[in-house]
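Input: a single structure, listed below in structure tokens.
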Amino acid sequence: MSFVSSKIFAITGGASGIGAATCRLLAKRGAATLCVGDLCSENMKLLEKDIKKINPDTKVHCTVLDVSSSSNVDEWIQDIITTFGDLHGAANIAGIAQGAGLRQAPTILEDDDQQWKKVFQVNLDGVLYSTRAQVRAMKEFSSTNPGDRSIVNVASIASMSHMPDVFAYGTSKAGCAYFTTFEVTLFALGYFSNIMGMLEGITRTPMLPRFVPSAKTQEEVEETYKKEGFSVIEADDVARTIVWLLSEDSRPVFGANINVGACMP
């Protein structure tokens, strides 16, 4: 995993959960700079302290970022290029949940336009805006500073599971997974970067309780999933695969959407 050392990475949704776990592991593996974009600034100072303890040589650049705004994303990536001079890899992890058990069947009648748009603006539009800006930056530097460059888009096992009660979330994640597979044509045509996807399972993060709003405790949330046959994994479990995909160790893999954690079809 030393192949991530001395490199510059951009991580959306990087201040907590899977994003923060990815940042910590990249720092441990010797990344030069971590550019964290997150809508919530609450955990940024804590992340900076954690990274400093893990690797004092890793720089952390935190930005309040709304991935549903293409101009906001473009400005963020341009600021990374202006400040640090390159971009070697990116992980697009930012996303929002949709609570289950809140709608009566047929649930499509109770999913209003605003809810649908909000989920898609973050979970799908945000991935498009981020990937586009990252590819643009990587293309600019590929001729003068060649080398392996990777983008990892985090979708979800919900993209291939039958969960009609949260179909806006599942459909947005299915779009993210398909977008990632489709965009790999950039790699196949001999361009500068590799784009891969992640389908993470039920992961113990601050966002997990939002999927089960009826649960009063974290234990109730996890018990709900266990009754449905899902195991609960840690954010670090997902981060290890993301960092592997960002490293040169994953060079033979491209266009894949890799499942991490248990999945029910």
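Glycine is no exception: its Cβ is also placed from the backbone N, Cα and C atoms.
Straight from Swiss-Prot, the features:
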type	residues	note
SIGNAL	1-20	signal peptide
BINDING	ILE18, ASP66, ARG132, TYR169, LYS173, THR205	NADP(+) binding site
ACT_SITE	TYR169	active site, proton donor
ACT_SITE	LYS173	active site, lowers pKa of active site Tyr
Span of ILE18, ASP66, ARG132, TYR169, LYS173, THR205 around NADP(+) - largest C-alpha separation, Å: 27
Cβ-Cβ under 8 Å with the signal peptide (1-20): same-chain residues at least 6 beyond its ends: 26, 29-38, 40-44, 47, 50, 62, 65, 67, 76-77, 80, 84-95, 126, 130, 134, 148, 154, 200, 203, 205-207, 235, 238-239, 242-244, 246-249
List of residues, in chain order, with Cβ under 8 A from that of ASP66 (NADP(+) binding site) and at least 6 apart: LEU39, ASN72
Those residues of the chain, 6+ apart, with a Cβ under 8 Å from that of LYS173 (NADP(+) binding site): GLY95, ASN123, ALA155, SER156, ALA158, SER159
For TYR169 (NADP(+) binding site), nearby residues of its own chain (Cβ under 8 Å, 6 or more apart in sequence): ALA97, GLN98, VAL119, ASN123, SER156, ALA158
Lowest local Cβ density among ILE18, ARG132, THR205, which the record lists as binding-site residues, within 10 Å: ARG132
